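A.B. asks: Pasting the feature list from TrEMBL:
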- G6, P7, I8, K9, S10, G11, K12, T13, G57, N111, K112, M113, D114: GTP binding site (BINDING)
- T13, T33: Mg(2+) binding site (BINDING)
Amino acid sequence: MCLCLGPIKSGKTFLMKRLQGDEIDDATHTVSTNGINLFTIKNNTGEFDIIIKEIGGSMAPIWKHYFDMVRKIIYVVDASNLCQISAAGVLLYSLLVDPRLRNVKIALTLNKMDLSYRQMRNETLLILQYSRLQKEATQELTIFETSGMSGQGIEELRNWIFDPATLKSAINANK
Ligand SMILES: Nc1nc2c(ncn2[C@@H]2O[C@H](COP(=O)(O)OP(=O)(O)O)[C@@H](O)[C@H]2O)c(=O)[nH]1
Ligand SMILES: [Mg+2]
């Protein structure tokens, strides 16, 4: 099971739609997710798909009810929202210390990189206190710079979702 988490309006739904291959243009608008959205994401050859569950940022206090069986988390941070980044770091920390998430893989996704007024990668990581998180985390953290709007970083994220081990078990499941 793969979850997509992150603060409200960090661009989770946009990013998932983009991964799912939905048409996105200026007129696309998303409704702030109060509940759960499910997305079916295909690998780059289109042979395999997995379901990703987006849980709305307003549900952060009850995220923990969804942690069983989770193997991967895409954690989306809006790099253009200076006020939100440090709060996003605190929320991330609360995930990292949950015993059920000790062995998950986390894609730390710095999103909305198309915006000129975004924070740069290094500044964002600094505000997130990334070096400390990394030191204390038992999880494997991978950083992505993405934009649901421009498509930047989407294929890298797809390849992370379908890493070799995941692909192999998908192939076995199909046999
Ligand atoms: N410029 C820009 N805006 C984005 C991007 N992703 C989302 N947005 C905007 O941010 C708002 C919230 O996006 P949404 O995907 O609903 O966020 P969620 O609450 O995390 O699911 C929307 O109004 C989008 O137009 C992005 O990559 N770049
Ligand atoms: Mg949403």
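Backbone N, Cα and C define each Cβ position, glycine as well.
Computed from a predicted structure; not experimentally measured.
Surface or core, plus neighbours and distances: that's what I need for these features.
C.D. replies: Taken residue by residue with DSSP, T13 (Mg(2+) binding site) is part of a helix.
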A.B. asks: Look at the binding-site residues S10, T13 and tell me which residue has the greatest number of other C-beta atoms within 10 angstroms of its C-beta.
C.D. replies: S10
A.B. asks: Among the binding-site residues K12, K112, whose Cβ has the fewest other Cβ atoms within 10 Å?
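C.D. replies: Fewest other Cβ atoms within 10 Å, among the binding-site residues K12, K112, is found for K112.
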A.B. asks: Among G6, P7, I8, K9, S10, G11, K12, T13, G57, N111, K112, M113, D114, which the record lists as binding GTP, how far apart in Å are the two most distant Cα atoms?
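C.D. replies: Of all Cα pairs among the recorded GTP binders, the widest measures 22 Å.
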